[in-house]
Amino acid sequence: MVRSVVIVGGGTAGWMSAAYLKTTFGDRVSVTVVESDRIPTIGVGEATFATIRLFFEYLGLDEPEWMPECSASYKLAIRFENWREPGHHFYHPFEWFRTANGFNLADWWLQLGDRSTGFDQNCFITTALCEHMRSPRMFDGSTSSSNRDGSPGRPTPLERPSPYYYAYHFDAARLALFLTKFATQRGVRHVVDDVLQVRQDERGWITHVTTREHGDVTGDLFIDCTGFRGMLINQTLGERFTSFEDVLPNNRAVALRVPRDMARLGIKPYTTATAMDAGWIWTIPLYGRVGTGYVYSDQFCSPEEAERTLRRFAAPDQEDLEANHIRMRVGRNERSWVNNCVAIGLSSAFVEPLESTGIFFIQHGIEQLVKNFPDADWDPRLRDNYNTRINRAIEGVKEFLVLHYRAAKRDDTAYWKEAKIRKVPPGLEERLDMAMTRLPSEENIYQHYHGFDMDSWNTMLLGLGWEPGRPKPALAHIDPMQAQAQFGRLRAEAKELVATLPSAYEYLHSIN
Ligand SMILES: Cc1cc2nc3c(=O)[nH]c(=O)nc-3n(C[C@H](O)[C@H](O)[C@H](O)COP(=O)(O)OP(=O)(O)OC[C@H]3O[C@@H](n4cnc5c(N)ncnc54)[C@H](O)[C@@H]3O)c2cc1C
């Protein structure tokens, strides 16, 4: 039986894993987190993916219990700025496309749409909520628009198409502290110490880790959450790490934490990704400050130039803010589970944070670990199944991110020009080629679970400017009445929600 799990590392990956395992197994499995107080966490990773809501729900936590503790705010979408040309923007929301006569509204927009406004304004309600900085919740915490007499109204239209139509932004350090408290109160043992050595038996399986002051910590299963260093999986077990820099060349980032007067300026309920000369800048509005960072390739920009650009962009008058320079290890382990060691978080894989997938990979890794949890015989099929699922998800996200660069119209600097001729993962060229003639459906996007569906692929293609030359021919032979009614309903619902929902700042202020 596997009765004890040792997690090395206390960043977002370590504490999310500990909290999830404790919630799942209670006292039947002991969980220890060994975390160094000398080696800092990565200090970024503050925008999430919509499935994160399931994580907090699984822990039994309501938003008002944890959000104020983590300076959290809502994320309804990613706003892409300047990816097509300067001044252009579009939203990639968590909302799904509605359909009419079996075709989604993206297809119908190509046939009927008002080209004077973006497809995202016509096809999604979220666009209006973002532009008006609305909260996804009413003051009473419901996601319904209440009737005037106070009785619950109908669910917001956002809830109907997509089950998870928003995610969160949070302060990574405060989240780790919150989860530390959550997990230790439920019985997770917390050892604050440096792991000096990882010991193996003659088969190469890990038996224990040796710490500086707390002696040996033994366990049956070891989870490597040591970040980019991969102390267990790479340094000890020697698992091969494959770099993705040939297709995703951004290998550095510089980040700043910028205070913001929210009461005056409000809180934008979305992440912004602004294309720059040699990469892009993220802007993540938290409750009380903004997290921002420039992700770039050092082939095209020096760290000094990146820092100067970021400061000019995000905090021109605040020279005292400390910059966090990060070298990114972009790629994945051949296997994230080797012998009795599972790597979760940055030690397993990382693609650049353009679609906020780092924490999604962590959640996916833990969920898959529980589904494939080993028994005394360590059936290798469980491990192989785990590795297959993890690798497929990472490869899918990699392909989806490469699409962002290849499909973006922008080509005004050496960096953007190079993005157009760079190698792409197998299969993507064909998919992009097909997308020149028609928008993809579920059958012709990357075929394995990777968190993104046809709606996301269509949104990015239309937003970035990789539009099919013409609508699907069938639509010319279908009465457009239903589609026109859908566009009309969507406009009306967006207007009503903008009028009834509080602003993101007002709502968050009410729970803080
Ligand atoms: C620039 C950048 C931006 C990102 N943005 C996003 C985003 O917006 N959204 C998102 O989902 N993800 C994002 N990510 C990814 C996200 O930051 C990580 O997935 C997440 O923070 C998990 O990190 P980690 O816990 O694996 O590693 P780390 O935070 O590096 O933690 C490593 C832990 O291991 C401990 N440790 C290391 N060695 C030892 C030792 N010898 N003994 C004891 N302890 C040890 C350290 O003390 C630390 O506690 C981003 C990543 C980068 C690089």
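Any Cβ shown, glycine's included, is placed from N, Cα and C.
Here's what TrEMBL has on this protein:
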BINDING   G10, G11, T12, A13, V195, I359  FAD binding site
ACT_SITE  K75  active site
BINDING   K75  7-chloro-L-tryptophan binding site
REGION    139-158  region 'Disordered'
BINDING   L346, E355  L-tryptophan binding site
Candidate nearest K75 (active site) in space, where candidates are the binding-site residues T12, A13, V195, L346, I359 and distance is Cα-Cα: I359
Most distant Cα pair in Å, residues G10, G11, T12, A13, V195, I359 binding FAD: 24
Of G11, T12, K75, E355, recorded positions neighbouring ligand 1, Cβ under 6 A: G11, T12
Assigned conformation of E355 (L-tryptophan binding site) - DSSP reduced to three states: helix
Cβ neighbour count within 10 Å of L346 (L-tryptophan binding site): 26
Length of the line joining the Cα atoms of G11 (FAD binding site) and L346 (L-tryptophan binding site), in Å: 10
Cα separation, G10 (FAD binding site) to L346 (L-tryptophan binding site) (Å, whole number): 12
Length of the line joining the Cα atoms of E355 (L-tryptophan binding site) and G10 (FAD binding site), in Å: 24
Cβ packing number for A13 (FAD binding site), 10 Å threshold: 32
C-beta crowding around T12 (FAD binding site), within 10 angstroms: 27
Three-class DSSP secondary structure - A13 (FAD binding site): helix
Cβ neighbour count (within 10 Å, all chains shown) around V195 (FAD binding site): 23
Cβ neighbours of E355 (L-tryptophan binding site) where a neighbour is any other Cβ within 10 Å: 22
Those residues of the chain, 6+ apart, with a Cβ under 8 Å from that of I359 (FAD binding site): T12, M16, G45, T48, F49, I52
